[in-house]
Structures are given as structure tokens and as C-alpha cells.
Amino acid sequence: MGIQNGIANGNVLEDLLEKAGGCAVVDGGFATQLERHGALINDPLWSALCLIKDPHLITKVHLEYLEAGADVIVTSSYQATIPGFLSRGLSMEEAESLLTKSVQIAAEARDKFWASVKWKPENNHNRALIAASIGSYGAYLADGSEYSGNYGPTVTLEKLKDFHRHRLQVLVQAGPDLLAFETIPNKLEAQACVELLEEEKVDIPSWICFSSVDGANAPSGESFEDCLRVINKSTRVCAVGINCAPPHFVLSLIQKFKELTGKAIVVYPNSGEIWDGIAKRWLPSKCFDDEKFELFAAKWRDAGAKLIGGCCRTTPSTVRRVSRVLKEKK
Ligand SMILES: C[S+](C)CC[C@H](N)C(=O)O
Ligand SMILES: N[C@@H](CCS)C(=O)O
Ligand SMILES: [Zn+2]
């Protein structure tokens, strides 16, 4: 176990980046791929419903992304929360066990996949890392507010920390390689995540990703300069970036982040479709197809991103193209 920046295990990501030649591949849309296999997730728990109803589909999707070349797979816990599970009549013990299960399923898939490829001479995979997904408070609200950042005046820093604390503790205990805070829409929640990591002395390295709807700021309208200031001070956060924002915003956001932080930059945009949080469906908009993802993944890498993948509405075929271009010998 290494100690880096004061964090035990802080070098797992750096080890992976080195093995991957400087830029690693993150998986793609997880809920999207569950739905393509027939999972019905139009539900307040969204993809986390599969932890209860279809855990075998979770394994299947993880294996598909590993086969596609993902170096990091993100767990099924995005919308898995203790209050969400309790409101479905589950006990605290059951809720905790489902969160633990999200990490176990991913680790089992990784181990199974790695055992099947590591000895093959043509193997060009790396042993993948497991990033435990921690969706924003807005994801839990299930009203689209991960894209507005508008939590209202009653949602304070303490309330956000209380919301995140117990799930974080359970996920840390489950032993993932990384923690992935996803679709954070405002500065207050970024601050809550950073303070919580410190208070809980979490020694698993984290990334914190924001969504963006205007291509320049966090969804709340707060500048990334403001949002990153608090994150930059944390030694427990190893990477920052963007997830589930339209891909045509990403290049300029990488350039902006390069000026605002010394941390590794992670980007995994959605396809460009727009989420209607009330109707709970994706609306067509300017999109990137897989070919365009391949083209732009190289541009994102050249602009300085260290972790690149896809989010909603991207699939294993998207990740296969991203992996192909990033693992190409230059
Ligand atoms: C990233 S969005 C598509 C996730 C789903 C949303 N939190 C909901 O529950 O409707
Ligand atoms: N890890 C989640 C993020 C949703 S925005 C997923 O891919 O479904
Ligand atoms: Zn997404």
C-alpha cells in the first residue's frame, strides 16, 4: 500500500494511468445499457432498482464494458441511497447490504474478466479499477435537479453532508479502488463532498465530476473557478471533471479545468441528448455517435484529460471506440 499526498492507496490511479500509457478508459452509460437489456428503471431508484430486482444484469453490463476496454468500471450505486431504499420498505441492514453488493458485483466481474484475459498473449486490457458511484443529492431527488443545481434554500451544507455520510461510509467499507462523485451540480455539494472526505478520513482516492448545461459553468450557474477552489485544497480528491454533460462542451471545459486545477481531469460526457427530469425520458438533441466519440477522445486526451469514457446514452460500442483510439500505439 502506498502513501501519496497523505492518502493511503493514493497511487492506484497513477499506477493505472502509467499502465494505460497516460490516459485511461472509463466505462459508458450504465443505466443506459441496463435498459438496453430490458431493465425497467422508470422509478425513483432508477438504475439502483436492479440491485434489488436484476443483479445479474448488473454483472452482465460490467462484463460488457470490461470487454469493450474499460480500465475503470463505475458501480451501480449512482441512485442507491439509504433513504431511497428505506422508503421502499427495506430495513437499514438490507439497504446497507445492497450498497455493499454494488461494489462486490463490480469486483467479482472485474476479477472474473481479468482471470479470463490476463494470460492471453494478445491481451491489451489492464486490470480494471472499481469506482464506487456516489450520485448527487439531485439524483436522489429524481426530479432532474442534478442538471439544475437548484436545491432550494432549505438544503444547507450540513444537510448535504448528512445525506452523503452514511452511504459513503458503507461504500468505503466495501473496499472499492476509487470513489466517483457524479453529476454534482453546484458548489455547495462539492464542498459537502470535500468536507465529508476529510471528516471521515477517507483514504480511498476520489474523483468529483460536475454536470454542465451551458458548457461554461456548473448547472447552478456558479463558475467552475468557484467550484474547484474548494476541491483543489483537498488531498483526498485525485481527479475532477465532467460527466453526463453534452460532449460538444468537453474540449473547452478541459481547457478551462487545466487552468483551474493541477488535479487529473476526468471526462465522461453523455451522448448529447437532453434529460427531461419530469417526463423521465431523453429528448433528441445534437449528439455524438460512436465515431465522433473516437475522434474527440483523442482531442480530449491531447487537451490533457487523463480519464475518458461515456455517460448516459453511450454504450459498450462507444467505449470500444474510445479504448481503440486511446490504446493505439502512437
Ligand atoms: C442522470 S439522470 C438521467 C438520472 C435519473 C434521474 N436522477 C431520475 O431519477 O430521474
Ligand atoms: N454512473 C451512472 C451515471 C448516471 S448520470 C450511469 O452511468 O448510469
Ligand atoms: Zn449520465
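Cβ from N, Cα, C; glycine included.
Among the candidates CYS238, CYS244, the one that TrEMBL lists alongside CYS311, CYS312 as binding Zn(2+) is CYS244.
Looking at CYS244, CYS311, CYS312, the binding-site residues in this record, the fewest other C-beta atoms within 10 angstroms of the C-beta turn up around CYS312.
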